[in-house]
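Okay, structure first, notes after.
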Amino acid sequence: MAIERTLSIIKPDAVAKNVIGQIYSRFEGAGLKVVAARMAHLSRAEAEGFYAVHKARPFFKDLVDFMISGPVMIQVLEGENAIAKNRELMGATNPKEAAAGTIRADFAESIDANAVHGSDGADTAAVEIAYFFRSSQVFAR
Ligand code: UDP
């Protein structure tokens, strides 16, 4: 299986709940390495740009408002099959439908405030990583 990188964001609700460490433990427990990380309070323009693909969706404004409501923790995860593995750890978008033991089942409140973001494919991962990190800020391990 290929070694991949994926972009992960711990969203404002999970940062406010003080569960950054618990979420990092799940990444590490699944064999994913944190190879870049920074905390940021996104500007509206940054959040709109990141979620540009959802611009036409009815939830876009609420999503952007939520993503700028507090600081987020942004990281690049590296490992075998990292993109799918992270999606598996996250669970379904709606925490009510997320499998038991997933991050969203355990830490998320609602489909809007759902604790984490993870890239959904190789192309998206490359674009999303470059959106937040220069290559010199990502550390091969
Ligand atoms: N979202 C929302 N309402 C919806 C669907 C999505 O607020 O009805 C938000 C939610 O925070 C989700 C994000 O938009 O994580 C991106 O949606 P996507 O379908 O890409 O889900 P994800 O890949 O995050 O599971």
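Each Cβ is built from the backbone N, Cα and C atoms, and glycine gets one as well.
For the ATP site, TrEMBL lists LYS11, PHE59, ARG87, THR93, ASN114; matching the candidates ARG44, ARG104 against that entry yields ARG104.
The residues of the domain 'Nucleoside diphosphate kinase-like' (3-140), classed with DSSP into helix (H, G, I), strand (E, B) and coil, number 64 helix, 28 strand, 46 coil. Residues PHE59, THR93, ASN114, taken from the binding-site residues PHE59, ARG87, THR93, ARG104, ASN114, are distinguished by a CB atom under 6 angstroms from ligand 1.
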